[in-house]
Amino acid sequence: MFSPADNIFIILITGEFILGILGNGYIALVNWIDWIKKKKISTVDYILTNLVIARICLISVMVVNGIVIVLNPDVYTKNKQQIVIFTFWTFANYLNMWITTCLNVFYFLKIASSSHPLFLWLKWKIDMVVHWILLGCFAISLLVSLIAAIVLSCDYRFHAIAKHKRNITEMFHVSKXPYFEPLTLFNLFAIVPFIVSLISFFLLVRSLWRHTKQIKLYATGSRDPSTEVHVRAIKTMTSFIFFFFLYFISSILMTFSYLMTKYKLAVEFGEIAAILYPLGHSLILIVLNNKLRQIFVRMLTCRKIACVI
């Protein structure tokens, strides 16, 4: 029998799963259809398509983990189950983080303006090497997830301790104690791509500030398209920073949940908050991307007309 908190958790996480799959699936479908029609795909759409596929995987793993915690709270007392879940989560998490970083760096290189030789070289090369960059993201994520699996597999101490525990809650606390260091370490490693995105964000803001100063010197009274592009990219990157911060805090909460008396409630709350990152940022991308937004509006308009008829 589920508690009221468990019922609320299942309802919320199911809703997030549906919205996440629909939102990210919509982006992938639109870009795929456009790719088929035009026989080519832009760099930003190519990065976005890979990103939403990674996010669908991340949302799925997080939802499975959340449901398993509710249905089978002693899952963390079983080495194999924990290793499998954590390995898949690590892979999807890192792949999502690095591809998002690629998207943010791409926005910066394509929108910002600078005369620095390194910037100009990267701006010229980005379209040519994007496939290799994304392949590198996949390789890094796979390597980190394999290392995570090996690290967790090498530590069997919790089996010996858990065998002497009868209470599931005690077993949960004991089984998670050996994983404190690796879990924390792998969470901290995710800061690396975030820092790269943060640097790109501040450099883009600096570029907008310099561009605005130039516009004021030669003001014509009309809206500047370059400024609008700058602002739209900054909004996208700001939403990423906000949702990632929420995601990171939620991950830390779940990592340290074994220290709390209401550990299960802490994990459930952390799961719900964490899924907002791959869900919310993708919805923001739809709103701020002209092509995705216009197609979505047309779909709603056609649906309304069909309902009237």
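Backbone N, Cα and C define each Cβ position, glycine as well.
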Same membrane side for Asp6 and Arg298 per Swiss-Prot: no
The topological domain 'Extracellular' (261-266): DSSP-derived helix, strand, coil residue counts: 4 helix, 0 strand, 2 coil
Residues of the parent chain within Cβ reach of the transmembrane segment (83-103), under 8 Å, 6 or more residues beyond its termini: 44, 47-48, 50-51, 54-55, 57-58, 60-62, 64-65, 68, 75, 130, 133-134, 137-138, 140-142, 144-146, 148-149, 152-153, 183, 186, 189-190, 193-194, 196-197, 200, 240, 244, 278, 281
Per-region confidence, the topological domain 'Extracellular' (72-82) (mean pLDDT, whole number): 64
Intrachain neighbours beyond the transmembrane segment (51-71), with Cβ under 8 angstroms and 6 or more residues off its ends: 2, 6, 9-10, 13-14, 16-17, 20-21, 24-25, 27-28, 81, 85, 88-89, 91-93, 95-96, 99-100, 103, 264, 267-268, 271-272, 274-275, 278-279, 282
